[in-house]
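Trainee: So Swiss-Prot has the following annotated:
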COMPBIAS  86-112  compositional bias 'Polar residues'
COMPBIAS  197-214  compositional bias 'Low complexity'
COMPBIAS  215-226  compositional bias 'Pro residues'
COMPBIAS  227-240  compositional bias 'Low complexity'
DOMAIN    31-75  domain 'LysM 1'
DOMAIN    132-179  domain 'LysM 2'
CARBOHYD  Asn233  N-linked glycosylation site
REGION    85-112  region 'Disordered'
REGION    184-240  region 'Disordered'
SIGNAL    1-22  signal peptide
Amino acid sequence: MVSIPLILGAIILLGTRKAATAALPPRPCAFAVTAATDDTCQSLGAQWGIGMAQFLKWNPGVNCNALVAGKTYCLSAGDSELGPTASLTPSPQVPTTSRATQTMTSKASTGTLVSRSGPIKFLNGMAPDCLFYHPVSPGDTCQSIVDRYKAFTLDQFYTWNPSVGKNCESLWLGYYVCTGVKGGPNSPSQQPPSQQPPSQQSPSQQSPSQQSPSQQPPSQQPPSQQPPSQQSNTSQQTQPNVNSKCKFHIFCLGTLAYMAFD
């Protein structure tokens, strides 16, 4: 017959072991994502290929009926059977730096990871006056993006994208980063001014000083009209016996007739 003290001791020991197990802190999260407004435990698990049991294990105490938008949720812990070579297909936050690639997957630099489905994602804290963007692709680094555009410095890139970190440790695949701000090195205001076409006015609309000699029309002035005093005397030099003081031939004829009559 088992004694009562032995039974009590076994119960106390079992309860102590359970309490010790529950008191163990969770292992560090190796990979986490930020929940969007419409995300749920089921949607995150489906998008990342994570089972509900694993999701609940890595996020103890989570309320799947009300995920908090903007809060991070763990998708891979240090004790995960996924391990460092796991291939999670959606990758909104898989960094492309060598450190992050080793942490999450060895395939990040080969281009096998694709962007997470959904709307375009931008890094937090991006410059509010950003006009130009670049989608982070596999193999990208902050310096390679600067070298690609050759229109801004690395310090400017860090200023426009503070979320990437001081050493570009948080450059996430599938996210857009700012590569130009309003009034910046490669903004439209810095483009050379457009060259307006030459004037399309016809020669008749241009002033004479603007027209070339070949374009100026020939003079259209009417022939000069000399006053009567300067006209030739051919009309006055008529037939003989015409009065030299006569101005009109008909009157001269009349005068001659009158003189002849007189």
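Residue numbering: from 1, along the chain as shown.
For all residues, glycine too, the Cβ spot is worked out from N, Cα and C.
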Trainee: By DSSP, how many residues in the domain 'LysM 2' (132-179) are helix, how many strand, and how many coil?
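Mentor: Output for the domain 'LysM 2' (132-179) reads 18 helix, 10 strand, 20 coil.
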Trainee: What are the DSSP helix, strand and coil residue counts for the domain 'LysM 1' (31-75)?
Mentor: 15 helix, 8 strand, 22 coil
